[in-house]
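The domain 'RNase III' annotation in Swiss-Prot covers 3-130 and is backed by sequence analysis. What Swiss-Prot lists as Mg(2+) binding site is Glu43, Asn116, Glu119, and the listing cites sequence analysis. The active site annotation in Swiss-Prot covers Asp47, Glu119 and rests on sequence analysis. Positions annotated as domain 'DRBM' by Swiss-Prot: 155-224.
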Amino acid sequence: MITNAISKIIKYDFKNTQLLNEALTHPSVLSKDNNNFNYERLEFLGDAVLNLVISEMLFNIFPYDTEGNLAKKKTALVCGTKLVEIAQSINLGIFIIMSDGERSCGGANNSNNLENALEALIGAIYLDGGLKAAKDFIFLFWKNSATHMKVPPQDAKTILQEWAQSKGFPAPSYHIINKSGPDHNPCFTVEVRINSHETLHATGHNKKLAEQKAASLMLAKINYKIK
């Protein structure tokens, strides 16, 4: 059974297996009884729980870090790349319930699907077992990475903002100029503008990713070398 297989991997047994089923159900699967029976609502909750637990984890692991350094570390631990890495480490994609069409298009390996399902899984664990259960799960898969973070990682948006400040420019501005694709797999196009430099735009499966890509393009445009 799927429930037993995934429970062994995540080291958690669900009391309410319906929550697990909901967390693993892709929006492409239409329910006759409830069109909201998919992972989107649990994803919303799981995102908040993950951010809370990671923030507390870093606060305790690094008692002498500044707020800025803690924020940079948290960003690296909750970013899409990290979520996909963890989702792949537990083979989450094979457990996601999706339409035949979505699966045939590579849905089981789609980064956006993996991110969303992992956050939904955290939300489901939180509702089923409380904050302690959610903490145990997050600590199991995130603590090693958090503990070994030495230098605060630099993300493109932060670097671009610091560069702008060093030049006396206003902070870079980001605007969504287009959104396409279905609700369960959207594609955002974001434009970045900074002082008198020409605007550049980039696309991504979520707003944050598109902003990071746009910032990276702007850094390349101004010939900034990321250390």
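Just so you know, glycine gets a Cβ as well, placed from its N, Cα and C.
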So among the recorded positions Glu43, Asp47, Asn116, Glu119, who's got the most Cβ atoms within 10 Å?
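Its Cβ has the most other Cβ atoms within 10 Å: Asn116.
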Across the domain 'DRBM' (155-224), what does the pLDDT come to on average, as a whole number?
86
Summarise the domain 'RNase III' (3-130) as counts of helix, strand and coil residues per DSSP.
91 helix, 2 strand, 35 coil
How do the residues of the domain 'DRBM' (155-224) split into helix, strand and coil according to DSSP?
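Residue counts in helix, strand and coil order: 26 helix, 20 strand, 24 coil.
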Beyond Glu43, Asn116, Glu119, what residues of that chain have CB atoms within 8 A of the centre of the Mg(2+) site's CB atoms?
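Other same-chain residues with Cβ inside the cutoff are Tyr39, Glu40, Leu42, Phe44, Gly46, Asp47, Glu115, Ala117, Leu118, Ala120, Gly123.
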